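Chemist: This structure is in structure tokens; I'll ask about it shortly.
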Amino acid sequence: GCGVADCSVDLGPNCPAPLQGPYDSTGFPVGCKSACEANLDGDPSNSPNCCTGQYNTAATCPSSGVEYYTYFKSNCPNSYCYAFDESSGDALWTCNSGSNAVYTVTFCP
């Protein structure tokens, strides 16, 4: 068979404050952004959080330099959590071509 790439944890309730948003009409956070999307370091074009600019290679953008990487990876170990996460060894999933894989993609029901 094929491995399962999943994240069965709802990241919203414990999302670190700097990553929360957008918010619903009552002010409740309905999302948990990446450090890149939250623009934590102020320059998404040259950012270790976005792996851009001088940080655009696996060598210059290790997971240890991505803020809150461990929050996402510890909660969703089988998920691709940053630009070069293939080095984690558990973020890319492939199937043997003879396995006749069937995929179901579910977006927040």
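Each residue, glycine too, has its Cβ placed from N, Cα and C.
Please treat TrEMBL annotations as automatic predictions, because they have not gone through curation.
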Chemist: According to TrEMBL, which candidate among Cys36, Cys61 shares a disulfide with Cys50?
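Modeler: Matching partner in the record: Cys36.
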Chemist: Determine the most Cβ-crowded residue among the disulfide-bonded residues Cys50, Cys95, using a 10 Å radius around each Cβ and all protein chains in the structure.
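Modeler: Per the Cβ count within 10 Å, the most buried is Cys50.
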Chemist: Roughly how many Å separate the Cα of Cys76 (disulfide bond) from that of Cys15 (disulfide bond), to the nearest whole number?
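Modeler: Roughly 13 Å, rounded to the nearest whole number.
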